[in-house]
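*Asks:* Structure in structure tokens, see below.
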Amino acid sequence: MSSTTYLIKGVSVLGAEPTDLLVRDGLIAPESEARGAQVIDADGLVALPGLVDLHTHLREPGREDAETVESGSRAAALGGYTAVCAMANTSPVADTAGVVEQVWRLGREAGLVDVQPIGAVTVGLAGQHLAELGAMATSAAKVRIFSDDGHCVSDPRLMRRALEYVKAFDGVIAQHAEEPRLTEGAQMHEGEVSARLGLTGWPAVAEEAIIARDALLAEHVGARLHVCHVSTAGSVDVLRQAKAAGVRVTAEVTPHHLLLTDERATSYDPVFKVNPPLRTQNDVAALRQALAEGLIDIVATDHAPHAVEDKECEWGYARPGMLGLETALSIVLDVLGPDWPLIAERMSRTPARIAGLTDHGHLPAAGAPATFTLVDPAARWQVDPTASASRSRNTPYAGMTLPGRVVATFLRGEPTVLDGKATK
Amino acid sequence: MIKHLLSAADLDAQHATLVLDTAAELAAVSGREVKKLPTLRGRTVVNLFYEDSTRTRISFEAAAKRLSADVINFSAKGSSVSKGESLKDTALTLQAMGADAVVVRHPASGAPHRLASWVDGSVVNAGDGTHEHPTQALLDAYTMRSRLGRVAGLHVAIVGDVLHSRVARSNVLLLTTLGAKVTVVGPPTLIPVDVGPALSPDLRVSYDLDAVLPDVDVVMMLRVQRERMNDSFFPSTREYARRYGLDATRMRRLPEHAIVMHPGPMVRGMEITPEVADSARSTIVEQVANGVSVRMAVLYLLLGGK
């Protein structure tokens, strides 16, 4: 527990009237005990529950040149996150209790955010045999989310079994919805821009068909389904139907799919190459509306660091993915406006609930864990790739000026970020 | 003049016409006994070829040499490229050698765009993936002009695998810029989704070659690789040839003055039969000859030869 007591003065919790928050022994304490506390002037700042990212690639083990658990944790804390769910597509793949425990332990050692490993659904992400999901669930990492992200669990029978099997420990399958036969060789969204650029198209239907199938499977076996990085207007329609039918489905959207379109590919700069690809303005509008309405439950970054040589090359040879942890809150603020209760719901409370992270997603109020973020909503900042805490530089927002800056992040009473700088 | 030629869309009607006019002047030189001009003496042109294309490389090489440029042929095979050197490192090497122009052929769409951001010299796209091949479009327009006297107002049918064709993309862009009417023809599987809005609002699409032929001045047949049938783009080569191949019977549907073009290499018996390819309407050999003049004009204008 923290030895330092902090008094955060004049902070607006979710945009409400300014108040003081006392941070002591890992909790928000009654203000009467403020004697001797270190004062943080939070005039004009907004307090949010610490953000929770359901979709982060930390690359360790295997690609420590692109990111490590520690560097990714630091980027997360600087972005206002207090918990991240680490995707399983590492090398070796996180498909055994041993690997998920290693990632979990590295997260604890870094101590900047809670790192919750996600387990692979199938051995080696190969889509052939179920990984030992139960062993990962009962490991020290207590895995509850399983995903082959980067690959779709495309075999319908295997997907059905996975959805069914994890019911035993209240698990959830997070599906990367991409019918692989429809996206062989795909490089970008299939449409006007791909036709002009001569890049193989990734049709929206490849995503929508899998979401529809999985929703029906989840309904049939009474299981929970989470849909990763929803990217098309048609997917929103499918989700609307599924939710109306009472299917236990949740869905995420990334900041980049809320902001950028396939027109970016015109530069052939692979910093804009991502999977699923950037879509059209029509899709962006549908995703924004769905997020506001709650048809899409959460924002998840799909933070995907890549080494320079994997991006400074021809579009077709580049790896897909982009950084997201340090820019997500600013982009959501830009997209949704300063609706702080909504932002807290989509970026903290609901992702914490889906992931089963009971320490997270709580409003900073007396008695709650002191796990929160202070944001300066008036600040504007220019994205500088070289200033990123990530080991990688593949941000698609380089040079853009974004609203809202994270000033401080607290994890169970410990500051991980103060004055906009990581504390370790 | 523009600095790079990456896409046929880089040329407006005025610049495109300037290239064709310049090519016509330079073609006169090719008829002389001494074919060389001193225009680019002391300048270095690098042919950077990541794909085998003897035809295009030789055409660019002849063009540069006739303008007295120093030519370096940098083939991906048997070079450091095959040892895994990145395009960027290769670009920096060419930069250090002082290349004034880099002519690049690459299997990845957009590679010339990337290259242009890493070198100071001019970049000429000599075919990138399934994207564009702008000098092919220029030589095709040149050939139409020399055979039919104009480009504006012509109706050109581009037939075949439009989806995977860099020749088709560049031709649609350039021909519409120059005022021609263009129809792309092929099985729906080989026509890109949204091709009209992507390339030109005036572009027409047809799936019926027989219906289009009586109305065209130019029919341009694209190469169709047999392997495409393995991905179910069409059922068999026989069915493809029957529906979209140009044979003597079909050729008779063309107006008297109409010409038949093909960028090569041809797949005889697939998209075109030998008797069509070798007929008087065929411009296939002329296209090759015109290629040198057009590429001379492009290098001359990009490198500010005046």
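Glycine too: its Cβ is placed from the backbone N, Cα and C atoms.
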*Asks:* Have a look through A:Asp148, A:Asp149, A:Asp155, A:Asp214 and flag the one TrEMBL assigns to the Zn(2+) 1 site that A:His55, A:His57, A:Asp302 belong to.
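*Replies:* Within the candidate list, TrEMBL flags A:Asp149.
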*Asks:* Which of these, A:His176, A:His189, A:His256, A:His303, does TrEMBL list as part of the Zn(2+) 2 site with A:Asp149, A:His229?
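*Replies:* TrEMBL lists A:Asp149, A:His229 binding Zn(2+) 2, and from A:His176, A:His189, A:His256, A:His303 it also lists A:His176.
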*Asks:* Taking the Cα atoms as reference points, how far is A:His229 (Zn(2+) 2 binding site) from A:Arg59 (substrate binding site) in Å?
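*Replies:* Just about 18 Å between their Cα atoms.
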*Asks:* Please report the three-state DSSP label of A:His57 (Zn(2+) 1 binding site).
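*Replies:* Coil, per DSSP.
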*Asks:* Do you see any of the binding-site residues A:His55, A:Asp149, A:His176, A:Asp302 whose C-alpha is within 10 Å of A:Asn89 (substrate binding site), and which ones?
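*Replies:* A:Asp149, listed in sequence order.
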*Asks:* So among A:His55, A:His57, A:Asp149, A:His176, all listed as binding-site residues, which is physically nearest to A:His306 (substrate binding site)? Use the C-alpha atoms.
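*Replies:* Closest by Cα: A:His57.
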*Asks:* Looking at Cβ-Cβ distances, which residues of the chain lie under 8 angstroms from A:Asp149 (Zn(2+) 1 binding site) while being 6 or more apart from it?
*Replies:* A:His55, A:Met87, A:Ala88, A:Asn89, A:Ile118, A:Ala174, A:His176, A:Cys228
*Asks:* Measuring Cα to Cα, how many Å separate A:Asn275 (substrate binding site) from A:His57 (Zn(2+) 1 binding site)?
*Replies:* 13
